[in-house]
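Visitor: What follows is a structure written as structure tokens; I'll ask about it next.
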Amino acid sequence: MHQDNSMRRAINQSRNGGSDSCDINNDREHDNINRNSYINNFHIENINSDKNEQSYIYCSDRAQVTDSILGNRKYTHEENINSTEMFSRTNYEYSNKNNVDIEMYNISNNNFYNGNNNGHSNDIIDYINNNNVNKDLSNTSNNADINTYIKKLTSNQSTAYCDGKGYNESANGSNFDINFRDVIKNNNNKNYKNNNHVPDDMLELGDRSFDSSFYIHNNVEEIDTERSNRLSFMSKLKMYFNYFGPGWIVAIAYLDPGNICGNLNVGLIRSDDFINVNSSVKDYTGYRLLWVLVYGHILGFIFHTLSMKLGHITGLDLAALCRKEFSSKFSYFLYICVQIAIWGAHLQAIIGVFVAINLILGIPVKIAILYTLIEAFAYSFLENKSLDLLEKVLSLLIGILVCCFMFNVFMTPINFQEVASSILYPRIPKGKLLDTMGLLGSVISAHIFYLHSNLTSKKKPVIYNDRMVKRYNKLGTIESGGSLLVSCITNCIIVLTFAEVNISGDDRKADYNLFNAYDVMKKYFGKTSMYIWSFGLLSSGNNASFMCEYASKSVFEGFLNKNVNPFFRVIFSRIILFIMLYAYVSYDKYTIDQLSNFINVVQILLLPLAIIPLYRFSIHKNVLGKFAIKGAFKYLVFVLVISIIVANFLLTLFDFLQYAPSNLYVIFIFISSIFYLLFIIYFFNMPITKTYYKDS
């Protein structure tokens, strides 16, 4: 019990040159005192259980610390969290510390921006080191608990935003500190404990315990700022692999079965001039649209850098920012629309999975669909187990997919001169305008930007300053560029594989799909190639399915600020998708193409719901501050946003009008188009009023 007085004296002497002071609580010597020390984010709390007395010490301001200890003044909660003078930037690891009830303390936005989230007062460290708190870690049963604490301290991810939502907000939208702690000792990182008696109605999604699976041990930050610019190549490589994850998961969206189906159809495009000529004449029309894939991935890279910066700087994902800025009704509307886009992509992913199962094992399609339910259990296990494990599994599946499709390209004689000509000299084959627009529209989907911002929000720098933010942005840019480069090459390989197929006019079908593409592979490349194609398709479907599940989780929590059991969420969505697919397959498995085309149209229409808020937040200084895009790049992105919206809108409009059964249908499409454009204009002009960025 004398340790509390020692600590107060240690901090007191740092202020008053060694002079002692009176105690806040005169009953400290009682054995029934319940002492809890919370050592994180410059915060200590001592609670007297008898008198229910609480004294808070916020070490972000040394004067406030001493005055609080002396009892000279009660500082308000708002004053404490808005204090700007830091105590220390040192990142201590509390190894060999036991008999201290260490609790993780989630702080508000404003307090977090004041400096190192893992900094601690030197006086506090001295107190722990000098008062027999140290124990041999090997002799304690709390080894795992303290290692978890160390893991969090050294994490490259923000303790203020556990799972992306470590904040809370009042009715007027302003941030406040919910005083929630995750008790490390004896809670196995799962149990909830509200030691501050915070009212239940103030506790929302952010009030969840720390999940160590979201954190990695090796820190991306280099604490020694004097040596930070002289990092070795291996250190930089290590930092990259520590960051590794978000970009590769997002790249899955560019390699889903829907994109694969579009790629093979583009590769099998043949000019009308070659339809009736001898099959020995080579037709390179299938090469002509490679430029769409290349430039589409470049567009995706630009928007992914914006979503990546949004997560790093604000610690919030795109969905959470929309919820905080817009009304609850509008947030619900956005959530429903984005969730529809996710379900559409998920349907295409499941189609690829059961088609691959049907090709590999010869199982009937209706039975192969059941595999998707097994896959749901696998995803639920991975999500509950560890996000890091999920990232590794997805990366493995991406590797399998890329290897399978690259193996096929070695079996085809690629004309690299035609490849270069297509990329450097963009042109559209005669009568293939809609195919071109459709391919461009399928490359970029709305939900991937929500997902990317969610993943990068977990990578927010623990040590928050301009240098660290720039480092994280650089790591994110490299990773996004590398993953999208691999995705672009893989998509081009699929196009080139089918572009090299010398199909005569008699063999050329109007449309190829995932069900009959294997006929082409088997006929022109052999049975082995067909199986390799099928395994690549299976990997693509599994990847995309897992990615859609996680995207669904992120938008649900971001827009609604609610949480639901992952098992029930996954099973519920899979049952709905299972019923829809089973109904389509029971009618005719080839009608899946019609469903896929309809999904592509929906994805195109919903894309503005992602790129508009992403652009708006990226240019606003209240959101990104000095990191907001400006100058020529700002106007370039604006032109790209408008061009994508207009191009996709015209594509959809022409597609609908092409099959208009009556004049009444045309009128309906025309009126709907007007409302759609008015909504886009309204969305573009919605104000952004709150501030999320604060100078470090």
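The backbone N, Cα and C atoms fix where each Cβ goes, glycine too.
Taken from Swiss-Prot, the feature topological domain 'Cytoplasmic' covers 1-236, 383-393, 456-475, 547-566, 616-634, 685-696 (among others). The region 'Disordered' feature in Swiss-Prot is assigned to 1-31. What Swiss-Prot lists as transmembrane segment is 237-255, 289-311, 332-357, 363-382, 394-416, 436-455, 476-499, 530-546, 567-585, 597-615, 635-657, 663-684. Annotated topological domain 'Vacuolar' per Swiss-Prot: 256-288, 358-362, 417-435, 500-529, 586-596, 658-662, in sequence order, evidence recorded as a curator's inference. Sequence annotations record features per position, and here Swiss-Prot assigns N-linked glycosylation site to ASN278, ASN502 based on sequence analysis.
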Visitor: Do we see three or more Cβ pairs under 8 Å linking the transmembrane segment (567-585) and the transmembrane segment (332-357), pairs being at least 6 apart in sequence?
Guide: yes
Visitor: Would you say the transmembrane segment (530-546) and the transmembrane segment (597-615) are touching, if the rule is that at least three C-beta pairs must lie under 8 angstroms and be 6 or more residues apart?
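Guide: No; fewer than 3 Cβ pairs under 8 Å.
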Visitor: Out of 332-357, 394-416, 476-499, 530-546, which stretch has the largest tally of CB pairs under 8 angstroms to the transmembrane segment (436-455)?
Guide: 332-357
Visitor: Per DSSP, what is the residue count of the topological domain 'Vacuolar' (358-362) in each of helix, strand and coil?
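Guide: For the topological domain 'Vacuolar' (358-362), the helix, strand and coil counts are 4 helix, 0 strand, 1 coil.
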Visitor: Apart from its near flanks, which chain residues at least 6 from the ends of the topological domain 'Cytoplasmic' (547-566) lie with a Cβ under 8 angstroms of it?
Guide: 163-165, 204-206, 208, 249-250, 252-253, 256, 317-320, 322-323, 331-332, 334-335, 338-339, 342-343, 345-346, 349, 376, 379-380, 383-384, 390, 394, 447-448, 450-451, 454-455, 573
Visitor: Under the DSSP assignment, what numbers of helix, strand and coil residues are found in the topological domain 'Vacuolar' (658-662)?
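Guide: Helix (H, G, I), strand (E, B), coil: 1 helix, 0 strand, 4 coil.
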Visitor: Should anything in the same chain at least six residues away from the topological domain 'Vacuolar' (658-662) have a Cβ under 8 Å from its Cβ atoms, list it; otherwise answer none.
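Guide: Here the qualifying positions are 669.
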Visitor: Are there at least 3 C-beta pairs under 8 angstroms linking the transmembrane segment (635-657) and the transmembrane segment (394-416), leaving out pairs fewer than 6 apart in sequence?
Guide: no
Visitor: Let's see if you can do this one: DSSP helix, strand and coil counts over the topological domain 'Cytoplasmic' (616-634), in that order.
Guide: 15 helix, 0 strand, 4 coil
Visitor: Should anything in the same chain at least six residues away from the transmembrane segment (332-357) have a Cβ under 8 Å from its Cβ atoms, list it; otherwise answer none.
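Guide: Contacts with the transmembrane segment (332-357): 253, 256-258, 260-261, 319, 322, 326, 363, 365, 368-369, 371-372, 375, 445-447, 450, 514-515, 534-535, 537-538, 540-545, 547-549, 551-552, 555-556, 559-560, 573, 576-577, 580-581, 592, 595-596, 599, 602-603, 606, 609-610.
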Visitor: Counting Cβ pairs under 8 Å to the transmembrane segment (237-255), which of 289-311, 476-499, 530-546, 635-657 comes out on top?
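Guide: Ranked by Cβ pairs under 8 Å, first place goes to 476-499.
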Visitor: If you average pLDDT over the topological domain 'Vacuolar' (586-596), what do you get?
Guide: 65
Visitor: Can you tell me which parts of the same chain pack against the transmembrane segment (289-311), counting only residues 6+ beyond its ends and a CB-CB cutoff under 8 A?
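Guide: Same-chain contacts beyond the flanks: 246-247, 250, 254, 263, 266, 269, 317-318, 321, 419, 422-423, 425-426, 428-429, 432, 435-436, 439-440, 443-444, 448-450, 452-460, 473, 476-477, 480-481, 484-485, 487-488, 491-492, 495-496, 611, 614-615, 617-618, 623-624, 627, 629, 637, 640, 644.
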Visitor: Can you name the far-off residues of the same chain, 6+ from the ends of the topological domain 'Cytoplasmic' (616-634), with a Cβ under 8 Å from a Cβ of it?
Guide: 306, 309-310, 313-314, 318, 321, 466, 469, 473, 684, 686, 688-695
